[in-house]
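Peer 1: Once you've had a glance at the structure underneath, I'll fire off some questions.
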Amino acid sequence: MGKITFYEDRGFQGHCYECSSDCPNLQPYFSRCNSIRVDSGCWMLYERPNYQGHQYFLRRGDYPDYQQWMGFNDSIRSCRLIPQHTGTFRMRIYERDDFRGQMSEITDDCPSLQDRFHLTEVHSLNVLEGSWVLYEMPSYRGRQYLLRPGEYRRYLDWGAMNAKVGSLRRVMDFY
């Protein structure tokens with residue numbers, strides 16, 4: 001079970017709303033979000049309702065302002081609790097759509113796809129075990145995308161506007 005608290009003002013001030021499960025529409029509970037406290041679980045936050053828009057991965061900790069979670073603004077409109085995975089993690093990435101071209105398998109965090117695999121783009125992928133967060137830039141920076149087990153035949157399937165991938169991280173409650 002997870003617990004996350006959203007605050008309208010920076011520094012955990014102002015009106016707050018506590019959540020413990022997926023919520024496709026947070027708009028009725030607060031108008032803006034400038035700080036967050038994650039007491040338990042790993043969460044993916046979304047800029048718009050129904051799990052749309054920019055995504056932000058948060059694990060246990062305090063985030064006193066939206067820059068701390070790499071937010072572009074104070075808009076958080078939906079959230080998803082990511083189920084904890086206790087087994088191994090495994091993903092296959094491909095340089096072309098529909099699982100074509102060079103394939104590389106990943107089983108742990110990768111801070112730079114360029115350094116490890118000489119890749120800057122991933123056009124399709126297959127998440128075999130565990131949930132992952134894909135980052136547009138190296139060192140876990142830039143736009144973020146939640147990847148749950150399943151097939152992603154093209155980058156549009158994970159919500160990206162292009163195939164640029166800089167780093168990948170396993171979703172775990174600790175690092």
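Our numbering is plain: 1 for the first residue shown, then up by one each step along the chain.
Glycine is no exception: its Cβ is also placed from the backbone N, Cα and C atoms.
A quick note: this is a predicted structure, and the numbers were derived from the prediction, not measured.
So Swiss-Prot has the following annotated:
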DISULFID  Cys19-Cys23  disulfide bond
DOMAIN    2-40  domain 'Beta/gamma crystallin 'Greek key' 1'
DOMAIN    41-83  domain 'Beta/gamma crystallin 'Greek key' 2'
DOMAIN    89-129  domain 'Beta/gamma crystallin 'Greek key' 3'
DOMAIN    130-172  domain 'Beta/gamma crystallin 'Greek key' 4'
CARBOHYD  Lys3  glycation site
REGION    84-88  region 'Connecting peptide'
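Relative to the rest of the structure, where do these features sit?
Peer 2: Cys19 (disulfide bond) falls within a strand when secondary structure is assigned with DSSP.
Taking the domain 'Beta/gamma crystallin 'Greek key' 2' (41-83) as a whole, pLDDT averages 93 in the prediction.
The DSSP breakdown of the domain 'Beta/gamma crystallin 'Greek key' 3' (89-129), given as helix, strand and coil counts, is 8 helix, 22 strand, 11 coil.
Non-local neighbours of the domain 'Beta/gamma crystallin 'Greek key' 4' (130-172) in the same chain are 42, 44, 54-57, 59, 70, 80, 82-85, 87-91, 93, 97-99, 106, 108-115, 119-124; each lies 6+ residues outside the stretch with a CB under 8 Å from one of its CB atoms.
In sequence order, Glu18, Cys19, Ser20, Val38, Asp39, Ser40, Gly41 make up the list of same-chain residues 6 or more apart from Lys3 (glycation site) whose Cβ falls under 8 Å from its Cβ. Following the DSSP three-state reduction, the secondary structure of Lys3 (glycation site) is strand.
Residues in the region 'Connecting peptide' (84-88) partition by DSSP class (helix H, G, I; strand E, B; coil) as 0 helix, 0 strand, 5 coil.
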Peer 1: For Cys23 (disulfide bond), which residues in the same chain are close in space, meaning a Cβ under 8 Å from its Cβ, but six or more apart along the sequence?
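Peer 2: Within the chain, Cys23 (disulfide bond) has Cβ neighbours under 8 Å at Ser78, Cys79.
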Peer 1: Going along the chain, which residues at least six beyond the ends of the domain 'Beta/gamma crystallin 'Greek key' 3' (89-129) come within the CB cut-off of under 8 Å?
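Peer 2: Contacts with the domain 'Beta/gamma crystallin 'Greek key' 3' (89-129): 138-140, 147-155, 157-158, 162-170.
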Peer 1: Using DSSP, what is the helix/strand/coil residue split across the domain 'Beta/gamma crystallin 'Greek key' 4' (130-172)?
Peer 2: 4 helix, 21 strand, 18 coil
